[in-house]
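Enquirer: Here you go, one structure.
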Amino acid sequence: MPSLLLLPGDGIGPEIMAATKRVIEYFNAKGAGFELTEGLVGGAGYDADGTPLPPATLEKAEAADAMLFGAVGGPKWDNLAYDLRPEAGLLGLRKHFELFANLRPAISYPALADSSSLKREVVEGLDIIIVRELTGGVYFGEPKTIEDIGNGQKRAIDTQIYDTYEIERIARAAFDLARARRRKVTSMEKRNVMKSGLLWREVVEATHKQGYEDVELQHMLADAGAMQLVRDPKQFDVVVTDNLFGDMLSDIAAQLTGSLGMLPSASLGAVDEKTGRRRALYEPVHGSAPDIAGQGIANPIAMIASFGMALKYSFGMLDEANALDDAIAGALADGLRTADIAAGAPSIDTEGMTDAIIAQLEKRS
Ligand SMILES: NC(=O)c1ccc[n+]([C@@H]2O[C@H](COP(=O)([O-])OP(=O)(O)OC[C@H]3O[C@@H](n4cnc5c(N)ncnc54)[C@H](O)[C@@H]3O)[C@@H](O)[C@H]2O)c1
Ligand SMILES: CC(C)[C@H](C(=O)O)[C@@H](O)C(=O)O
Ligand SMILES: [Mg+2]
């Protein structure tokens with residue numbers, strides 16, 4: 001039986017997870033057989049257990065085929081020590097399971113081309129994917145401290161570190177992905193300023209020469225890449241970049257599609273040679289949206305589409321994954337909108353959007 005650990009988290013996390021659970025139950029009613037367990041993470045984990053990643057959650061994660069993660073964080077926990085903050089729960093999961101390849105697709109649904117802050121012709125038909133390195137770089141490099149240096153002064157230190165193998169494996173992930181798409185990879189770094197950028201380019205270039213010549217490789221400085229993402233996003237197919245640049249570039253890509261509430265992601269580990277399994281966590285790109293939490297109005301599409309990515313990447317259920325994508329596109333084509341993509345026009349709530357997506361699935365079954 002395929003098993004999924006649901007980690008709702010904080011803020012709108014539980015609301016969009018409840019919506020996604022209904023979609024999973026729809027597939028179970030059709031015989032998919034997903035076994036579901038739930039765990040506490042983030043602020044919810046801290047409140048119950050004094051830690052954002054309780055040992056019981058980690059145990060459940062070890063046992064599950066894949067994890068679905070809602071969102072964590074919020075003002076209630078903002079003053080906690082760094083290691084106890086809700087976000088540390090998410091970073092801990094990524095690091096513990098070495099989920100180094102973070103796939104963040106940005107797809108503009110035809111019905112939403114006018115919801116973007118950019119002109120219709122710039123975003124219409126957009127289908128790109130950001131491949132963000134997720135377990136290295138400045139997020140995890142040591143030392144990472146704030147220290148007193150006397151005279152009332154402090155010094156904050158974050159350390160950017162990349163080893164060859166970390167760059168090579170994310171480059172391979174990007175090239176492999178591009179092969180199933182339009183065969184173009186753009187690598188973004190800042191080699192003009194950073195040593196890690198120099199090594200990044202060198203290793204991506206060398207990896208390309210190891211049998212990936214059928215894929216076009218382009219290099220771009222990350223600041224210029226950010227500009228190009230807004231100027232002409234359709235020039236890209238796969239963008240591969242480091243942890244911090246990938247965090248920022250994927251929020252830009254999200255907004256191209258109309259709302260952060262639209263963007264799913266998959267965080268994948270290496271394939272285990274013995275079991276053929278790969279560790280995976282699926283989550284929306286957006287956060288816990290404290291400004292709208294508790295109102296039942298969050299857009300559930302990024303979370304539901306993250307489950308769609310699990311169908312594809314963890315369970316090989318491509319027909320179901322396509323049916324779910326079509327159902328989301330169908331609900332949008334019918335003019336249904338949550339507030340974040342309604343541009344002031346009448347909107348429906350989280351439950352209404354979930355009803356519409358399930359009705360579309362029923363219609364297509
Ligand atoms: N993966 C995660 O769990 C994750 C990711 C990003 C931020 N965070 C955390 O979330 C908290 C809030 O961060 P933030 O406000 O910078 O980012 P955010 O993504 O939570 O919200 C940014 C804006 O987008 C809107 N938005 C986001 N998701 C939406 C959805 N599904 N439907 C409708 N509107 C949506 C919000 O209402 C808000 O106006 C912080 O504690 C941050 O650390 C968590
Ligand atoms: C919540 C935070 C730790 C996280 C990140 O910075 O990676 C988020 O912004 C994301 O994009 O997944
Ligand atoms: Mg982010």
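Including glycine, each Cβ sits where the backbone N, Cα and C put it.
Heads up, TrEMBL stuff is auto-annotated, nobody curated it.
TrEMBL feature annotations, pasted as is:
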- 74-87, 287-299: NAD(+) binding site (BINDING)
- R94, R104, R132, D223: substrate binding site (BINDING)
- D223, D247, D251: Mg(2+) binding site (BINDING)
- 3-357: domain 'Isopropylmalate dehydrogenase-like' (DOMAIN)
- Y139: site 'Important for catalysis' (SITE)
- K190: site 'Important for catalysis' (SITE)
Enquirer: Would you mind reading off the Cα separation of D223 (substrate binding site) from Y82 (NAD(+) binding site), to the nearest angstrom?
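Expert: Checking the Cα atoms of D223 (substrate binding site) and Y82 (NAD(+) binding site) gives a distance of 28 Å.
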Enquirer: Give me the non-local Cβ neighbours of D247 (Mg(2+) binding site): same chain, 6+ apart in sequence, Cβ-Cβ under 8 Å, ordered along the sequence.
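Expert: Looking at Cβ-Cβ distances below 8 Å from D247 (Mg(2+) binding site), excluding near sequence neighbours, one finds R132.
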Enquirer: For R104 (substrate binding site) and D251 (Mg(2+) binding site), what Cα-Cα distance in Å is obtained after rounding to a whole number?
Expert: 10
Enquirer: For A289 (NAD(+) binding site), what residues in its own chain, 6 or more apart in sequence, show a Cβ-Cβ distance under 8 Å?
Expert: G11, I12, A71, A298
Enquirer: Can you list which of these binding-site residues (R94, R132, D247, A289, I297) have a Cβ closer than 6 Å to ligand 1?
Expert: A289
Enquirer: Other residues with Cβ within 8 Å of the Cβ centroid of D223, D247, D251 at the Mg(2+) site?
Expert: A222, A226, L244, F245, G246, M248, L249, S250, I252
Enquirer: Measuring Cβ to any atom of ligand 2 with a strict under-6 Å cutoff, which of the recorded positions Y139, D247, D251, I297 qualify?
Expert: D247
Enquirer: From the recorded positions G74, Y139, K190, I297, pick the residue whose C-alpha lies nearest to the C-alpha of R94 (substrate binding site).
Expert: Y139
Enquirer: The domain 'Isopropylmalate dehydrogenase-like' (3-357): mean pLDDT?
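Expert: Over the domain 'Isopropylmalate dehydrogenase-like' (3-357), the predicted model scores a mean pLDDT of 96.
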Enquirer: Closest of the recorded positions to D78 (NAD(+) binding site), Cα to Cα, picking from Y139, K190, D251?
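Expert: It is Y139, whose Cα lies nearest.
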Enquirer: Within 10 Å of the Cβ of R104 (substrate binding site), how many other Cβ atoms can you find? Include all protein chains, please.
Expert: 24
